[in-house]
Structures are given as structure tokens and as C-alpha cells.
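Quick look at what TrEMBL annotates:
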BINDING   F15, Q16, G17, R30, T80  substrate binding site
DOMAIN    21-225  domain 'Radical SAM core'
BINDING   C34, C38, C41  [4Fe-4S] cluster binding site
BINDING   W40, C41, D42, G82, S129, P130, K131  S-adenosyl-L-methionine binding site
BINDING   T43  Mg(2+) binding site
Amino acid sequence: MASTLKVAELFGPTFQGEGPSLGRHATFVRLSGCNLACSWCDTPWTWQWQSYDRAAEQTVMTVEAVLAWARDRADLVVVTGGEPLLQAEPLTELTTKLLATGASVEIETNGTVVPPDALLAGQVTFNVSPKLANAGMPDRRRVRGQALRTLAASGHARFKFVVTGAADLDEIEVLQEEYDLDDVWVMPEATTSGRLLRLLRELADPVVERGWNLAPRLHVLLWEDARAR
Ligand SMILES: Nc1nc2[nH]cc(C(=O)O)c2c(=O)[nH]1
Ligand code: SF4
Ligand SMILES: [Mg+2]
């Protein structure tokens with residue numbers, strides 16, 4: 001039987017709006033389902049089935065159909081969610097086939113799931129966003145040592161933290177020390193350009209002092225909270 005993925009949205013080309021590849025021409029595969037429940041989640045239609053109609057928001061597609069949609073659409077394919085690693089097996093098949101077309105592939109993950117060896121061994125880049133206390137869940141749920149250590153040791157991960165103010169930064173420092181995270185990016189929690197700019201200005205000096213990277217959310221600057229941009 002053909003392997004399938006639960007898909008929330010296919011969109012692009014657009015720009016990678018977050019993290020170290022910010023500004024790159026990219027196309028997006030947004031997978032459905034998440035194992036966390038962040039209070040400020042900007043994609044609740046991928047998992048919040050009390051508020052969203054699962055039958056309307058989730059489409060089961062074959063890996064081949066997703067591949068046919070994504071291939072040759074952009075040099076960079078970003079797979080996001082939800083939490084894409086909840087579908088590790090078909091995700092590995094999809095990304096392996098995408099890489100074989102010559103595309104670069106990034107997976108956005110919340111850093112709580114250990115990727116399978118076949119995915120770690122390949123050329124996929126992981127944009128890992130471990131969640132801080134500001135997401136409103138206990139740390140044992142959102143911080144998973146084995147997953148963070150495996151990702152950090154893979155040589156294919158960079159770490160992007162969603163921050164609601166400068167007071168969150170000490171928490172990142174603790175995680176950086178404990179899990180040996182060497183490529184730290186800070187991103188404001190904002191779905192409007194006004195809040196985004198205010199937080200960027202608040203964060204700039206303290207982030208530069210700590211030797212970290214700071215990036216906005218380009219799609220929010222351009223299109224505010226529009227879906228599928
Ligand atoms: N343009 C754009 N860039 C993104 N980078 C990560 C995204 C995400 O939702 O995970 C995202 C998104 O939704 N849009
Ligand atoms: S991990 Fe991402 S998709 Fe899941 S609830 Fe948190 S912000 Fe939303
Ligand atoms: Mg997002």
C-alpha cells in the first residue's frame with residue numbers, strides 16, 4: 001500500500017520567513033497533528049480539534065502526490081506543522097525523494113521527538129524550536145533531553161527559540177548549556193508586524209550581548225497573520 005501523509009496545507013513558493021535561511025525562496029509542506037499545545041500556537045488548525053474541523057483541515061495524501069506537488073517548485077522545501085516528526089516514516093520517504101531531485105530540505109520541529117536514523121543520516125536540516133515556559137506547558141512535556149541531545153549531536157540542527165520578551169532569555173541560556181546547543185536563534189512571538197518590531201527592538205541588545213542570532217518573521221512583516229504565506 002502506498003504510504004501517506006496527513007497534510008494541513010501545501011503553499012508556496014514564498015520566502016522562508018524564519019531562522020537562518022530567512023529570505024530564501026522556498027515552498028512549504030505543512031503536516032497535520034501536534035504533540036504539544038502551545039498557548040500562542042499560530043497554526044492551531046493543525047491540531048486544535050475543539051476549535052477546528054479535522055475533516056475539513058486534514059487531507060490524507062500519498063507521499064508521491066506531495067512529492068509531485070513540491071518538486072521543482074523551489075530550491076528549498078520546508079516541511080513544517082504541527083509536528084512533522086509524528087509522521088516519521090512517510091516524512092523520511094518524502095524528504096529522501098525531495099533531496100534526490102536536488103532540492104534542499106528543512107524540517108521545522110519542536111524538538112521533542114527523536115528523528116529516525118535514516119533521517120538523521122541524510123542531508124536534511126532541522127530547525128528545532130524547543131518551547132520555553134511562555135508556551136504554557138510543564139517543562140517535562142516540552143523539553144525532551146534525548147531528542148535535543150540527538151538533534152544537537154547530528155550536526156544538522158539549528159535552534160530557534162520563540163521569545164515573548166527579554167525575560168525569557170535566561171531560560172535559553174540554561175538549555176544551551178545543558179544540551180550543548182551551538183547555533184542559537186531568537187525569534188519574537190508575534191503575528192502582527194507592530195508587535196514583531198516592538199519585540200525585535202527590545203531583544204536586540206540583550207541577544208547581541210549573549211552572542212546569539214536574532215531574526216524577525218519575514219512573512220509576518222509582509223503579510224501579517226495571513227494563512228498559507
Ligand atoms: N513564509 C513562512 N515561513 C515559515 N517558516 C516557518 C513557518 C512555519 O509555520 O513553521 C513558516 C510559515 O508559515 N511561512
Ligand atoms: S509545537 Fe508548534 S504546532 Fe505544536 S502547538 Fe506548539 S506552536 Fe503549535
Ligand atoms: Mg509557524
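Heads up, the Cβ atoms here are built off N, Cα and C, so glycines get one too.
Structural mapping of features recorded in TrEMBL.
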| residue | record | CB count, 10 Å |
| --- | --- | --- |
| Q16 | substrate binding site | 23 |
| G17 | substrate binding site | 23 |
| R30 | substrate binding site | 21 |
| C38 | [4Fe-4S] cluster binding site | 21 |
| W40 | S-adenosyl-L-methionine binding site | 14 |
| T43 | Mg(2+) binding site | 17 |
| G82 | S-adenosyl-L-methionine binding site | 28 |
| S129 | S-adenosyl-L-methionine binding site | 20 |
| P130 | S-adenosyl-L-methionine binding site | 25 |
| K131 | S-adenosyl-L-methionine binding site | 22 |
*Relative to the mean position of the Cβ atoms of C34, C38, C41, the recorded [4Fe-4S] cluster site, which additional same-chain residues have Cβ within 8 Å?*
L36, A37, T43, P44, T46, W47, Q48, N110, A135
_Under a three-state reading of DSSP, tell me whether G17 (substrate binding site) is helix, strand or coil._
coil
_Here's one to test understanding: among the binding-site residues Q16, G17, C38, T43, whose C-alpha is closest in space to the C-alpha of G82 (S-adenosyl-L-methionine binding site)?_
T43
*Report, in whole Å, the straight Cα-to-Cα distance of T80 (substrate binding site) from P130 (S-adenosyl-L-methionine binding site).*
14
*Cβ neighbour count (within 10 Å, all chains shown) around C34 ([4Fe-4S] cluster binding site)*: 20
*Of G17, R30, D42, P130, which binding-site residues come close to ligand 3, meaning Cβ under 6 Å from one of its atoms?*
D42
*Report the nearest neighbour of C38 ([4Fe-4S] cluster binding site) in space among the binding-site residues G17, R30, K131, comparing Cα positions.*
K131
*Please go through the binding-site residues Q16, G17, R30, T80, S129, P130 one by one and keep those whose C-beta falls under 6 A from any atom of ligand 2; give the result in sequence order.*
none
*For C34 ([4Fe-4S] cluster binding site) and T80 (substrate binding site), what Cα-Cα distance in Å is obtained after rounding to a whole number?*
11
